[in-house]
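Listed in TrEMBL for this protein:
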- 228-353: domain 'Cns1/TTC4 wheel' (DOMAIN)
- 56-89: repeat 'TPR' (REPEAT)
- 128-161: repeat 'TPR' (REPEAT)
Amino acid sequence: MAAVFPQPAESSFEEKMAALESTPLFMKSLPSEESNDPVIQALQSLAFDGTPDEIAQNFKEQGNDYFKGKRYREAISFYTQGIDAKPSDIALHEALLCNRAACNLELKNYGSVLRDCSKVLTLNTKSSKAYYRSATALFALERYEESLDCCERCLEYDPENKGVRSVRDRSAKAKAEKLRKESEKQERIHNKQREKKLLQVAFKERNLFAVYNPKGSSENPYEPHFDPEDPEGTTLIIPVFFLYPQHATSDVIAHFVEDTTFSTHIFQMFPPQAPSPSWDKAGQYISNNLVVYAITRRKRLLKVGKKMSLRDVCNAAKAKEGDPDDGLELKDGCLTFVVVPKGEVEQNWVDEFKRTRKHVHNESMSVNHKILRTANAPTTSPDETEVSVAQALIDLENNVPELKTELRALQISAAREVDVRGGKKAIVVFVPIPQLKAFHKVQQRLTRELEKKFSDRHVVFVAQRRMLSKPTRNSRVKQKRPRSRTLTDVHEKILEDLVFPTEIVGKRTRVSADGSKLLKVILDPKDATSLEYKLDSFSSVYRRLTGKDVTFEFPPANQE
């Protein structure tokens, strides 16, 4: 019996192709390094021996073969080697660049196409192929104006070139379409801005106060707009919420036409013969058993008659002559009304609303009393930070007996949050100049108490000062400007305010090579323990208020 020997493993297709390509005769490209294989040496000599033009022509022909086989990357390699051979024949050099551009055009390497075509046009300003490929690449990049320019330049001397004419027509059509879309976009933007202005006028006429979320986000997907079916275009359609406080739920009417009565919607939502909503176990929500209330901006309560339209309610919300402006609040583009059953539920809700309104009113009056706008303080309504600081002062006045007497008469003019190094924040409390000395009497204790309330922030006090401009030659004011109102003096006073109660014992100014200045402020070392943790906050606040860099330091122990 013949012996059975192990059969060699059958090679895969990839292995066979790799073995074939390692054979010099079937190599796609010759190795760049020297080889001891005599066949490879012979092929290398054939490829690289000869004049630069002969070498370049050889690589061009090989590149053409690969291009025909749609093997564009290999073709680019051969065309590049031909270009690197630096042929003296300009036509050959031009052909190599054009062919490489053709490969890159197929591979969508449009930047490379434009670079090669640019080089061709420096060699031959009438190369139709270069213009065609440039125009095609520019068209793909949506640079239609430049694509048309290439086409027009080519057609000046080659008017029958069908390829270039085709690209020109496509570019002209695409350019017109792009201009049309851009025009429509601008028209939409213009119409939107115009409608926004008209809406603002309409809101004012209807005593509506638009209130938006300061964070910019809103859960309301609907927006007030004019009725498109109104020929005059003056009727408003507004999203409306119906709140049912008894059951802590609500409904939204996405498109409430202002001329529609409330009874129309109430009847459709709660018809007498229909079953009650799942949340109305007692069956109280029936159209003829419901009352609608509106709450104005100044917390007035308006009972809405069912025959009243939305426009009627807006008119009824207007303040009486001589009273502060009032109306309905349009929160994030939506009006809100309260719907309750008649009788005991209604009375209980009204009583609770009045109690809450009184408490909020008293609290608001107290907070507003604590904020006194002086000097160059902002004239806007108090923001969240200012309200928080004012409320904290009121709480301390009511709960800390040692501060009650002193805080009762004290007011702030503004408050701002400032970013500090390390991602922290500081609160700058601006106080009226006449009250600065009174603040100084309780400032240390007050600062400690406020930093307990605002545990993640440092608190500093600065007087609200106003600077006067230097009188000009033509100024009517002839009186000399007080030094206390000059920029220099105000900046010095800010330094003193920031570090109170410690004293400044020295200052040094360091000038860098680029001309920038850094002020170094030396503080009394006896207060190092109580103030050292706030030095970064002092620097950040001073930079924010004055735009100048400063560092605060306590002298080393051996210099005390």
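Each residue, glycine too, has its Cβ placed from N, Cα and C.
TrEMBL labels come from automatic prediction, so no person has curated them.
Under DSSP, residues within the repeat 'TPR' (128-161) fall into helix, strand and coil as 25 helix, 0 strand, 9 coil.
Here the repeat 'TPR' (56-89) has, by DSSP, the following mix of helix, strand and coil residues: 26 helix, 0 strand, 8 coil. Note: the domain 'Cns1/TTC4 wheel' (228-353) comprises 28 helix, 43 strand, 55 coil (DSSP; helix = H, G, I, strand = E, B). When pLDDT is averaged over the repeat 'TPR' (128-161), the result is 93.
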